[in-house]
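S.K.: Mind having a look at this structure? Questions to follow.
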Amino acid sequence: MSKRTSSSQTTSVAQVLSDGEKVPAVVDQKNADGTLAFLELHDEEFKDSPLTDEEDYRMTKKVLISVISLVSIINTMLYIDKATLSYASILGLYESTGIGTTEYDDLNSIFYTGYTVGQALNFVLQKVNQRYFLTATLFVWAILVFCHCAAYNFAGLIFLRLLLGVTESVVVPALEVTMLQFFTPQQRATIQPIFWVSCVGPPNIIAGFIAYGVLYATGTIPPWKIFMIILGGMTLIVTAVCWIWYPADPTTAKFLTTREKYFLIKKVHATSSSSIMQTVIKRDQIVECLRDPLSWLFSLGMFLVMLSNNLAYQQNLLYVGLGVSNLGSTLVSVAGAGFSWAYMIFGSIFIYFFPNQSHWATFLGCMPAIASGIAMVTIPWSNKLALLAMLVLAGNTFALAYIVILGWSTAAASGNTKRYVRHLMLMVSYGVSNIISPQIWKGNQGYSDHGTGPRYYAAWTIQIVLSWFGTTVVAFVIHYILKARNKERLAARDRDSVKGVVLVKDPETGKTIEEAVDIANLDLTDLQNKNFIYPL
C-alpha cells in the first residue's frame, strides 16, 4: 500500500497545484484520514488477497442491512418527535396548557431556534466518538419528551421545545456522516431517498395510529400525555439499540469482519477520492467552505425548500378546517404518509436509473407541490374533497427536494472539516427557515367565498414562488456549476499525477518517514484534490 523513504527534511516534499494555488499533497499523520492506521495494520495480511465477487456482495449486503436499518430507525424517531406537537394539538394539548393557534405556531419557531443554535455541536461531533455522542443525545431527547407531560403552560412548553431543538440539532448530520463512511457515492445517491423515506412515511403512519388509539383513552390522563409517554418509551428503546450496535466508524462496525472492514474502507476511498474520518478541525477547510459558492447555493436551496416545512405541522389543523373530524384527520395523515412513502421510493428508482440527475429529481419533488399549491388557492371552498386531495399532494411530495439537496451537498464536498461546516451551514439555513415558516401562516390571509374557512393566500404564494419554484432554480444552477467543474477536471485527469504523502516519525531513528499513500488518505478538500469528481 505504501512506500516509505527516510528524510530529515520535510520541506522538500513535492506540491501540487490546485485552483491556481499551491496546496501540499502531504500531511502529517495527525492530519491524515483516521482509518489510515487501521489500513496499515492489516495491509500485509489482506493486500494481496482481494475480495471475491461473492465476498463483496456479502459485505455490501451486511452494510446495507445494518447501517440503513440503524440510521432509518433513529431518523424515524427523530421525525416522530418533531411531529409530536402536531398530533398533541388534536389530543387536548390546547386545553391542558391554555395555548392557542398563535402560541402553537410560536412553539414550532422556538423548537427551530434551539435547532439552529445547536448546530455549533457539529464541531463537537467531529471530535468525539459518534456512537457515544448519538447514544447520549438520544437519551437526553427521550427524557425531554417525557418531561412534556409535566408542562402545564406556554412557558413550560417554550423551555422544553427549545431544549429539544438543541438536542436533536446534529442527529441528521451524524447520520449523514455515517452513510458517507460506509457507502460509495453511487450507493449513497440510490439509498439516500430510501433512507429519507424513514422521515416522510413511517413517522406519520406510526404517530397517526398511536394518536388514533389514544383518542379512545377514557382514563384521567389526557390523551396527549399518553401520546408523549409512548413516544418517550420508544425513544429509550432506540437509545439502547444505538448503544449496543451503532458503529462509530467502519473500523468499529460489529457486523463486519476485520477483512471486510479493510476492503470496505479501500472501496470507499477508491470511489470517492475522499477521506472517511478525521477528528482534527482544520481552519483552512473552514475558510474554503465559506468561500465556496456551492456552500451558499446549497444553503439557499435548503432555506427555500424549508419555508414550506410548516405545512406538515399545519396539515392536521387544515384537515379539521375542511370539516374532517379529529379522528378522521389522523387517518388522512396516515394515508398521506403512505403516499409520501411511495413517492420517495419513486424518487429513489428515478435516481437509480438516471444517475447524476439530481436537479431533475429536485424538479420531481417541487412540481407536484407547485401544481397542488396553485389549486389550493383557486379551487372553490365548496369543493372540499378536491381541496383535501390537493392538500395531501402538496404536503407529501416536496420532501424529495429536501432529501436530494441534503445528500447532494454532502456528496459534493471533500475534506472532513469542510463537510461538517457545510452541514452546519445547511442546518442553520434549515433552522432559520423553519423559524420563519410557522409565521407565514399567521394573520388574516383571506377567507373562502362564504367566510367559512381560511384560504391562507400569502402562505401558499410564498410556498409556490419561493419554496418550490425557487428551490428548483437553485438546483439547476448547482448542476451547471458542478458540470463545468467536472468537465475541466476530466479533461486533465491523471490519477498518477498526484501522489499523496503522509509524514510519520520513525520511533527507532527519530527521523521523518515520507509514506506514499492513496490521495484519499490525505483528507484534502474537493478544491484541493483535482481527482475528486462531483456527483451531479
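Residue numbers in this text run from 1 along the chain shown.
The backbone N, Cα and C atoms fix where each Cβ goes, glycine too.
Quick paste from TrEMBL:
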TRANSMEM  63-80  transmembrane segment
TRANSMEM  132-154  transmembrane segment
TRANSMEM  194-214  transmembrane segment
TRANSMEM  226-246  transmembrane segment
TRANSMEM  293-311  transmembrane segment
TRANSMEM  331-353  transmembrane segment
TRANSMEM  360-379  transmembrane segment
TRANSMEM  385-408  transmembrane segment
TRANSMEM  420-437  transmembrane segment
TRANSMEM  457-482  transmembrane segment
S.K.: Based on Cβ pairs under 8 Å, which of the stretches 63-80, 132-154, 226-246, 293-311, 385-408 lies most in contact with the transmembrane segment (331-353)?
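M.R.: Out of the listed stretches, 385-408 contacts the transmembrane segment (331-353) most.
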S.K.: Can you see whether the transmembrane segment (457-482) and the transmembrane segment (194-214) are touching - at least 3 CB pairs under 8 angstroms, only pairs 6 or more apart in sequence?
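M.R.: Answer no: the transmembrane segment (457-482) and the transmembrane segment (194-214) share fewer than 3 Cβ pairs below 8 Å.
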S.K.: Any chance the transmembrane segment (194-214) and the transmembrane segment (420-437) are in contact, meaning at least three CB pairs closer than 8 A with a sequence separation of 6+?
M.R.: no
S.K.: Would you say the transmembrane segment (293-311) and the transmembrane segment (385-408) are in contact under the rule of three or more C-beta pairs closer than 8 Å, pairs 6 or more apart in sequence?
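M.R.: When sequence-distant Cβ pairs are counted, the transmembrane segment (293-311) touches the transmembrane segment (385-408), since at least 3 lie under 8 Å.
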S.K.: So what's near the transmembrane segment (293-311) in sequence-distant terms, Cβ-Cβ under 8 Å and 6+ beyond its ends?
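M.R.: Tertiary neighbours of the transmembrane segment (293-311) are 105, 108, 362, 366, 369, 394-395, 398, 401-402, 405-406, 408-409, 412-413, 421-422, 425-426, 428-430, 432-434, 436-438, 440-441, 462-463, 466-468, 470-471, 474-475, 477-478, 481-482.
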S.K.: With the transmembrane segment (63-80) as the reference, find which of 132-154, 226-246, 360-379, 420-437 contributes the most Cβ pairs under 8 Å.
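M.R.: The stretch I would name here is 226-246.
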S.K.: Please give the sequence-distant neighbours of the transmembrane segment (226-246): residues at least 6 beyond its ends with Cβ less than 8 Å from one of its Cβ atoms.
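M.R.: Distal contacts: 66, 70, 73-74, 77, 80-81, 84, 87-88, 91, 130-131, 134-135, 138-139, 141-143, 145-146, 148-149, 207, 210-211, 214, 217, 254-255.
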